[in-house]
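Features reported for this protein in TrEMBL:
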DOMAIN    37-109  domain 'Dihydroxy-acid/6-phosphogluconate dehydratase N-terminal'
């Protein structure tokens with residue numbers, strides 16, 4: 001496998017020692033060609049907790065189509081989501097801004 005454009009993807013997909021990683025990725029639909037492509041993570045905050053996020057997975061799926069068309073392999077993953085609309089008027093609003101930092105930290109490499 002080539003490492004061109006695969007700075008991080010190659011760490012989990014290349015070499016005999018990563019056979020278990022490839023097996024797990026095959027189980028979610030990766031094929032031989034996908035292991036030679038850069039993997040691009042697409043964070044989705046889809047949730048049924050709030051109507052604000054009910055449409056997010058459709059946007060993530062559209063982003064995945066674009067990533068795949070570009071010659072990369074898309075990987076959609078979920079992350080934490082919160083709803084200020086639900087927590088308004090409660091002590092939970094004290095954590096509104098802090099929650100944004102936690103969400104960002106959960107996505108960053």
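Heads up, the Cβ atoms here are built off N, Cα and C, so glycines get one too.
Computed over the domain 'Dihydroxy-acid/6-phosphogluconate dehydratase N-terminal' (37-109), the whole-number mean pLDDT of the model equals 92.
For the domain 'Dihydroxy-acid/6-phosphogluconate dehydratase N-terminal' (37-109), residue counts in helix, strand and coil come to 38 helix, 12 strand, 23 coil, using DSSP.
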